[in-house]
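Student: Annotations per TrEMBL:
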- A:1-13: compositional bias 'Low complexity' (COMPBIAS)
- A:1-23: region 'Disordered' (REGION)
- A:27-48: transmembrane segment (TRANSMEM)
- A:85-269: domain 'ABC transmembrane type-1' (DOMAIN)
- A:92-114: transmembrane segment (TRANSMEM)
- A:126-145: transmembrane segment (TRANSMEM)
- A:151-174: transmembrane segment (TRANSMEM)
- A:195-222: transmembrane segment (TRANSMEM)
- A:247-268: transmembrane segment (TRANSMEM)
Amino acid sequence: MASTVEAPALIEPEAPESPPRRAGRRAAGLAAVAFRRTIAVVAFLAVWELAPRAQLVDPIFLPPVSEVVPALWDLAKSGQLWSNTEASLVRALSGFGLSIVLAVPLGLLIGWYRPVAELLNPLLELFRNTAAIALLPVFILVLGIGETSKIAIVLYACTWPILLNTISAVRTVDATLVKSARSLGLPAVRIFQKVILPAAVPSIFTGIRLAGGISVLVMIVAEMVGAKEGLGFLIGSAQQNFAIKDMYAGILTISALGLAFNQVLVLLERRFTRWRTDPGR
Amino acid sequence: MTPKISLTGVGKTFPVRGGGEFTALSGIDLDVAEGEFLVVVGPSGCGKSTLLDLIGGLTRPTTGRIAIDGAEVTGPALDRAVVFQQYALFPWRTALRNVEFGLEAKGLRRRERAEIARDHLDLVGLSGFEDRYPHELSGGMKQRVAIARSLAYDPGVLLMDEPFAALDAQTRDSLQDELLGIWAKTGKTVVFITHGIDEAVYLGGRVAVLTSRPGRVKEVADIDLGSRDAREDVRSSPEFAAHRHRVWSLLKDEVQTAQRLTVPAPRKEAIHLG
Ligand SMILES: Nc1ncnc2c1ncn2[C@@H]1O[C@H](COP(=O)(O)OP(=O)(O)O)[C@@H](O)[C@H]1O
Ligand SMILES: [Mg+2]
């Protein structure tokens, strides 16, 4: 922390830090960072490539990555990859988006009214700890095998982390901040808007980011259980038809999708919580 | 003339878990004149913060009456400002936007707010730091921002609850001087809570000593150190030592009582009698 030294009275405190001087060293530093960040992935891909070639694993069940990539390319060229990705994205994003719209306001409300929170908490814990996927058959039974049940199960699974994080965010807002706002005679609504809400944003975003990961996971499972398109369907049917390379191509697509989705959410989170102290940044 | 702040027979009890009541304050009679700098000292846990909450209107007294300019306090309002030990800055707002907070409550326009906030950051020696977030500021700077925030919406009364207790000795000394300067410049009525005897004697025009549990006003000591002159070290003058000894004597018994009442380990905020 650059802020432990206190400027003496009547002397202007230290000026904001000067811009970095040695651009060359900085570039070298960036290269080192890039190396550290990619080395593990590169090593993993190398193992994937070499292990089947060296017959350490059966290349029929795990073809080397150099054979999976052309399969991925073929899927992309035929348009299959895109149409399946699109179907999956629509499901995951609809469920995820709806869960945000639903769970954030609900969580704010429940968190703000303490007695409601205390009343509902045991039930919420129960729901949260019931794996959403276990309820998939129920959703299919009630809503059928179409889009509705898939979006609904994603929505359901995404709701809990957002709801619970939002509730706890509201409830753990620093009491001195609230007291400080109260000492100005602000009405409850204003305190909520100007103190509780901004203070809760980081925690709410954590819930949203968790839900983002869950949405992809649940969407895949739902598509594997019963669907005519989507990446989960692609992987499942490729496995059944013994198109092993296509199966891995589908898995790669999903991990790329998950990664990209998470990255977008992380960027959004940073954008909205720039004021936070975080030494890891 | 009506006093700026007037407390008559003020008491406060808290319900205790498992039934019963705990008397934090009882029978407080205290008048603070317009423009006065009153310091309240007392052992830890004697009800100093409770007293400040009461004057701030954040809690209501169980007995007695609190009035500002003769009008009974029924809740918090913009005629009083509170400065907390923990700064209570909004971490998502820059220094400037923090200072603007009270001005927003007052309903001023953006341009006007920014201008007033800038002036007050300047007053506490923080121009150039408008765009810093609280986590980018040192403890002393944070407390300066908090003071600027309180002064910005121009309250008549400044209530300060051990504002410098978390700061290192050097920072504390300089902030004490700055506060006296600001007080002289703005003519605010200040109620300043501390558990430090030196701080009380250095800052206060009068020092009210509270008894330990329940808190009552044991005595109000007048402090006369003449005008603060930067060239002279007031703290090493014989007058300062005399006042200091006086307050120390008043507090000594209370601290001992308080320690007998507390669980063994002395708390960090325990009074320094050294
Ligand atoms: N809201 C409350 N409920 C119950 N007891 C309280 C409450 N606030 C303060 N007290 C008690 O009142 C006493 C005085 O507290 P406080 O005013 O914070 O003391 P000080 O600021 O002098 O250290 C303490 O014993 C504290 O435990
Ligand atoms: Mg206190």
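Quick reminder: no glycine exception, Cβ is built from N, Cα and C everywhere.
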Student: Near the transmembrane segment (A:151-174), which residues from the same chain, at least 6 beyond its ends, have a CB less than 8 A from one of its CBs?
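Tutor: For the transmembrane segment (A:151-174), the nonlocal Cβ contacts are 91-92, 94-96, 98-100, 102-104, 106-108, 110-112, 114, 117, 121, 124, 127-128, 132-133, 135-136, 139, 143, 195-196, 199-204, 206-208, 210-212, 214-215, 217-219, 222.
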Student: Of the stretches A:27-48, A:126-145, A:195-222, A:247-268, which racks up the most C-beta pairs under 8 Å with the transmembrane segment (A:92-114)?
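Tutor: Answer is A:195-222, with the largest number of Cβ pairs below 8 Å.
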Student: Does the transmembrane segment (A:195-222) come close to the transmembrane segment (A:126-145), meaning at least 3 CB pairs under 8 Å for residues 6 or more apart?
Tutor: yes
